[in-house]
Amino acid sequence: AVARFVHETLRNSSLSISNVIGPMEQNLNVTIVSYMGSLRISAAMEKGFLDPQRFKSCVENAFEIILKAADDEIPI
């Protein structure tokens, strides 16, 4: 099911960014896919590397700041 979802999402996308290399002793993988007005962001990290809820909150806050700065709204 996961492979099918990833395949369906990526087969029609024009750009995918994945595995931005950072310190080798820490593992954080961020994948961003934009397709037909939909932006999907996925983050996977080594267990215990970051607090997942705090990371999610920080990312959401950052996007809210970006949207306000752009003076635009994204339909949800």
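Each residue, glycine too, has its Cβ placed from N, Cα and C.
Noted in TrEMBL for the protein shown:
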{"type": "DOMAIN", "residues": "26-66", "note": "domain 'O-acyltransferase WSD1 C-terminal'"}
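The domain 'O-acyltransferase WSD1 C-terminal' (26-66): residue composition by secondary structure is 15 helix, 16 strand, 10 coil, according to DSSP. Confidence across the domain 'O-acyltransferase WSD1 C-terminal' (26-66), taken as the mean pLDDT and rounded to a whole number, stands at 83.
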